[in-house]
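**Q** Got these off Swiss-Prot a minute ago, pasting:
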- 30-33, LYS51, 87-91, GLY415, 479-481, ASP495: ATP binding site (BINDING)
- 536-546: compositional bias 'Gly residues' (COMPBIAS)
- 527-546: region 'Disordered' (REGION)
Amino acid sequence: MAAKQVLFGDDARVRIVRGVNVLANAVKTTLGPKGRNVVLERSFGAPTVTKDGVSVAKEIELKDKFENIGAQLVKDVASKTSDNAGDGTTTATVLAQAIVQEGLKYVAAGFNPIDLKRGIDKAVSAAVAELAKQSKPVTTSKEIAQVGSISANSDESIGKIIADAMDKVGKEGVITVEDGKSLDNELDVVEGMQFDRGYLSPYFINNPDKQVAALDDPYVLIFDKKISNIRDLLPVLEQVAKSSRPLLIIAEDVEGEALATLVVNNIRGILKTTAVKAPGFGDRRKAMLEDIAILTGGVVISEETGMSLEKATLQELGQAKRIEVGKENTTIIDGAGDSKSIEARVKQIRVQIEEATSDYDREKLQERVAKLAGGVAVIRVGAATEVEMKEKKARVEDALHATRAAVEEGVVAGGGVALLRAKQAIADLKGDTADQNAGIKLILRAVEEPLRTIVTNAGEEASVVVNNVLNGKGNYGYNAATGEYTDLVEQGVLDPTKVTRTALQNAASVASLLLTAEAAVVELSEDKPAAPPMPGGMGGMGGMDF
């Protein structure tokens, strides 16, 4: 086991806080509409330019191990806030730094860190309750666009495209962000259900321009095993052929003789068919096949339920208005499923979302809900260079998370004003001891810090602006983008309540841990001996005859 170095009391805290300051000072330069960019070196490829707090935080690793403890703890604040609320990472970092710096002064002056923490917790609870009172629900498309614009560093085009996407697929719908091919942002909306499986043979294509197999008013056969023997399929194929309608086959796989027969019939125009593999794997595949069956009004033909392929009838097949099968995706538009059955299925999946323990499972379940309930919107981010693409894509993703948070818990006035207005609720508090009162006082000062940082980044005098805003009421605040004092909600300067709340709670949590730490232990780096010099070249090779 490697030797350790241990530091106690102020010696440990001072070194750790040095690390907190290095990370926080790098991150906080990005805050506000006039925040600056940070350039991140990459071991491979071009450097990344970003104005995203969590991207900056994730890149910072300090050489001094005690300083690195501080940096990693604040990095954790940024990451947690990003995971929970999707935005507010810079605000959380600024708050954590302010609480730690103020708190250390009290600890050095002999205040009890545990009581300080209790005071901090009381003040944070009061501030959170006040934020909930200030919060107003987001209802209009314009408000969604405003929240998205603020989170995307005042880029109105990003706010608008997110609002359009939410209009089209609903607030529950899935919105994904992908690299675009042009210079402008584009929005693609897939109505109905899309899954990531394409045709099993290019011979199924009947629309060469779009390179898709388009089926109008088709039947849908859903089978949970492989199909290789055409005899199993013949009875159902004959029934479909008599109805003169196309057929989509979704199965674990269609291969050999069965696939060849389908292709030949398709080319000859005897029966218009297309075959695709079932989406997903294992239990998720079963669930997705069931979703498709409910959406199209069919059933999953499965031996587990005592059904067989050769006895399948038209009543057991699903139906849809139109299905398009591309090389990689299949889209089912306007399935013939019963709306009550679809609603019941969505309700059932929502229960599973609440019980899901992993983020991955939750995300996949939410995708299933969206596919059943609304559709999928894809925002394609356009940019001139790869560096710009990465930076812009990160901003779009941030803005998307922020708008979701706003829809969830509502919005408050942005620009650091909501936290400043929470001061009154904190000022009315009284702790059980003088040390707890010091913790409350500490938060009173810390909640000013986001506004101070926004103003400093805009090149103005922070104390003057803070006093002017404190003399106003309600949503009156400083708009750093225009340099004016105004009603921020009317101007569209909004922050999601969830983002502001999460930033404060996470910052206070980690800062309290640092203040109550009395020792720090790190591993001593081994001084490895220098490598011996390389031996000289091999002698005696001169006389060799080639």
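Quick reminder: no glycine exception, Cβ is built from N, Cα and C everywhere.
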**Q** List, in sequence order, the same-chain residues at least six positions removed whose CB sits under 8 Å from that of ASP495 (ATP binding site)?
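**A** Listed in sequence order, they are GLY88, VAL147, ILE150, VAL411, VAL412, ALA413, GLY414, GLY415, ALA418.
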**Q** Using CB atoms and a 10 A radius, I'd like the single residue among the binding-site residues GLY32, GLY88, GLY415 with the highest neighbour count.
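**A** Going through GLY32, GLY88, GLY415 one by one, the largest Cβ count within 10 Å is at GLY88.
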**Q** Starting from each candidate's C-beta and looking 10 angstroms out, tell me which of the binding-site residues THR30, THR90 has the most other C-beta atoms.
**A** THR90
**Q** When a 10 Å sphere is centred on the Cβ of LYS51 (ATP binding site), how many other Cβ atoms does it contain?
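**A** Excluding its own Cβ, LYS51 (ATP binding site) sees 21 Cβ atoms within 10 Å.
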**Q** Are there any residues in the same chain, six or more apart in sequence, whose C-beta is under 8 angstroms from the C-beta of ALA480 (ATP binding site), and if so which?
**A** GLY32, PRO33, LYS34, GLY415, ILE454, VAL455, ASN457, ALA458, GLU460
